[in-house]
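Novice: Sharing a structure with you now.
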Amino acid sequence: MADGNPSFTVDEALVAMGFGKFQLYVLAYAGMGWVAEAMEMMLLSFVGPAVQSLWSLSAREESLITSVVFAGMLIGAYSWGIVSDKHGRRKGFIITAVVTFVAGFLSAFSPNYMWLIILRCLVGLGLGGGPVLASWYLEFIPAPSRGTWMVVFSAFWTVGTIFEASLAWLVMPSLGWRWLLAFSSIPSSLLLLFYRWTSESPRYLILQGRKAEALSILEKIARMNETQLPPGVLSSELETELEDNKNIPTENTHLLKPGEVGEAVSVSKIVLKADKEPGFSLLALLSPTLIKRTLLLWIVFFGNAFAYYGVVLLTTELNNSHNRCYPTEKQLRNSNDVNYRAVFIASFAEFPGLLLSAAMVDRLGRKVSMASMLFTCCIFLLPLLSHQTPFITTALLFGGRICISAAFTVVYIYAPEIYPTAVRTTGVGMASSVGRIGGVLCPLVAVGLVHGCHQTMAVLLFEIVILVSGICVCLFPFETSGRDLTDSISASKEPPSASV
């Protein structure tokens, strides 16, 4: 309380106003972006086999169609994270929406394989902005209900995958893959249509010293939610932290260790430097305060992405009518490469995964939820080390997808929570970029090895990657369930009583 006047932070304002109509609008917009990304990713399972037959592509050329999308996302996730940390969340996600829509729509008119590769890589570049939307949405949610509402947000990804599987089932047999690409770009166009009604994150604004604009948005939230802001003046977390260090501590006060007050004072300089020098944001992620969580998060994102897209691609590859390794399985009654029914059924595994993550994320915490789901996924994939019947294969992949989708849901909740606002989208974007490396390598395994009749080797590699990811989850420094988001690097230190 500076000069005896009461003050409140953005976190306190959000808790006081609660989750209401404003947040529902933000959820709808960010959710549409998640639907768009899910559809663009899911269609890779269908376009690859289709153009492979049309253009007589090799297994390597087919897998490259998927890999270039992830390569684009690798670059985009980090680049858009820097853009949104420097210029604002809104500018970050509108640029990505434009790139995704234009490249996605034009890819439907690709005259040859090379043009398809180039345009799908640009789609990946745009899709790399997904973490920006997730962070933007997260920064409007009150801390007590953050886990539950982030799971609801993740449900839009599930809607997107199921809608894409349904669309492919309807469109591919009659109209072909070009129409599927065109229809799948529509959700991205909706982001452009409704962009003018979005608001900048008040956390970002107050970190940039634009307190009046941040207060204006908080007042807008209060009006729409039919609530009131807390009494007093809006203050930044840094101001509150420095003021608290001058007062007598209470049992609820988070103390800085002796010698760290100077570090807190210098945070504003760090933020300004990060704003001017994009490369500094990456260095901040590798600072002593953040390096442990950063490196562990990179491994977990890599493992989750590798496993999730691996399960998705295995669903199509192991149910492919052109599977030469097990000729007795060529029993599909139509001429299409993919068993759309099996893929459609497997897509519904995401719903139980969401229910599991919703039930666990706030009750058991983020770490226990992620670790238990990853280890259970290993159990489901174990029988696939040897060839199984189509029914058993679909059932096992269904169970594996439940677990890996639940784990992926929770890691997208946990990742933004462990970083301060100053580097949040850069941190999540960089972790997502590392995850995209897993996505780039995954098709080479799921498509290349399975086509080469090395199913056992492919599944064994998935098992090892998932197991290592689960171990890394157990090594995360602290649990974030119920904790306020932090704005400064000094305030994001591991709490003394961190839960393991």
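Yeah, the Cβs are placed from backbone N, Cα and C, and that goes for glycine too.
Straight out of TrEMBL:
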TRANSMEM  24-44  transmembrane segment
DOMAIN    26-481  domain 'Major facilitator superfamily (MFS) profile'
TRANSMEM  64-83  transmembrane segment
TRANSMEM  92-109  transmembrane segment
TRANSMEM  115-138  transmembrane segment
TRANSMEM  150-171  transmembrane segment
TRANSMEM  177-195  transmembrane segment
TRANSMEM  295-314  transmembrane segment
TRANSMEM  342-361  transmembrane segment
TRANSMEM  368-385  transmembrane segment
TRANSMEM  391-415  transmembrane segment
TRANSMEM  427-451  transmembrane segment
TRANSMEM  457-478  transmembrane segment
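Quick one: where do these features end up spatially?
Specialist: Listed by sequence, the residues of this chain that lie at least six past the ends of the transmembrane segment (24-44) yet keep a Cβ under 8 A from its Cβ atoms are 65-66, 69, 93, 97, 100, 104, 123, 127, 130, 133-134, 136-137, 140, 149, 152-161, 163-165, 167-168, 180-181, 184-185, 187-188, 190-191, 194, 197-199, 224, 309, 312-313, 347.
Long-range Cβ contacts of the transmembrane segment (64-83) within its own chain (Cβ-Cβ under 8 Å, at least 6 residues beyond either end) map to 40-41, 44, 47-48, 51, 91-93, 95-96, 99, 116-117, 120-132, 278, 281, 309, 313, 425-430, 432-444, 447.
Beyond the transmembrane segment (115-138), the same-chain residues lying 6 or more positions past its ends with a Cβ under 8 Å from any Cβ of the stretch are 26-27, 30, 33-34, 37, 40-41, 51, 64-65, 68-81, 84, 89-90, 92-93, 95-101, 103-104, 106-107, 146, 150, 153, 188, 201, 412-413, 415-417, 424-425, 428-429, 431-433, 436, 485.
Through the fold, the transmembrane segment (177-195) approaches residues 29, 32-33, 35-36, 39-40, 43, 46-47, 50-51, 54, 90, 93-94, 97-98, 100-101, 104-105, 107-109, 126, 160, 164, 167-168, 171 of its own chain, all at least 6 residues removed from its boundaries and within a Cβ separation under 8 Å.
Residues 41-42, 44-45, 66, 346, 370, 374, 377, 381, 384, 397, 400-401, 404-405, 407-408, 411, 415, 418, 427, 430-432, 434-439, 441-443, 445-447, 450, 458-459, 462, 465-466, 468-469, 472-473, 475-476 of the same chain lie 6+ residues outside the transmembrane segment (295-314) yet bring a C-beta within less than 8 angstroms of a C-beta in it.
With a cut-off of 8 Å between Cβ atoms, the residues of this chain six or more beyond the transmembrane segment (391-415) that come close are 131, 134, 138, 146-147, 150-151, 154, 157-158, 297, 300-301, 304-305, 307-308, 311-312, 314-315, 318-319, 342, 345-346, 348-350, 352-354, 356-357, 360-361, 366-367, 369-370, 373-374, 376-377, 380-381, 383-384, 427-428, 431, 466, 476, 480.
Long-range Cβ contacts of the transmembrane segment (427-451) within its own chain (Cβ-Cβ under 8 Å, at least 6 residues beyond either end) map to 48, 59-60, 62-64, 66-67, 69-71, 73-75, 77-82, 84, 124, 128, 130-132, 134-135, 282, 285, 290, 294, 297-299, 301-306, 309-310, 313-314, 317-318, 323-325, 415-416, 418-419, 457-458, 461-462, 465.
With a threshold of 8 Å between CB atoms, the same-chain residues lying at least 6 positions outside the transmembrane segment (457-478) that come near it are 292-293, 296-297, 299-300, 302-304, 306-307, 310-311, 314, 367, 370-371, 374-375, 377-378, 381-382, 384-385, 404, 414, 418, 438, 445-446, 449-450, 494-495, 498-500.
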Novice: Given the model, what does the mean pLDDT over the domain 'Major facilitator superfamily (MFS) profile' (26-481) come out as?
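Specialist: In the predicted model, the domain 'Major facilitator superfamily (MFS) profile' (26-481) has a mean pLDDT of 79.
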Novice: Could you give the residue numbers and ranges of same-chain residues that sit at least 6 residues beyond the transmembrane segment (150-171) on either side and whose C-beta is under 8 angstroms from one of its C-beta atoms?
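Specialist: Contacts of the transmembrane segment (150-171) (Cβ under 8 Å, skipping residues fewer than 6 from its ends): 27, 30-32, 34-39, 41-43, 46, 134, 137-138, 141, 179-180, 183-184, 187, 340-341, 343-344, 347-348, 350-351, 353-354, 357-358, 361, 405, 409, 412-413.
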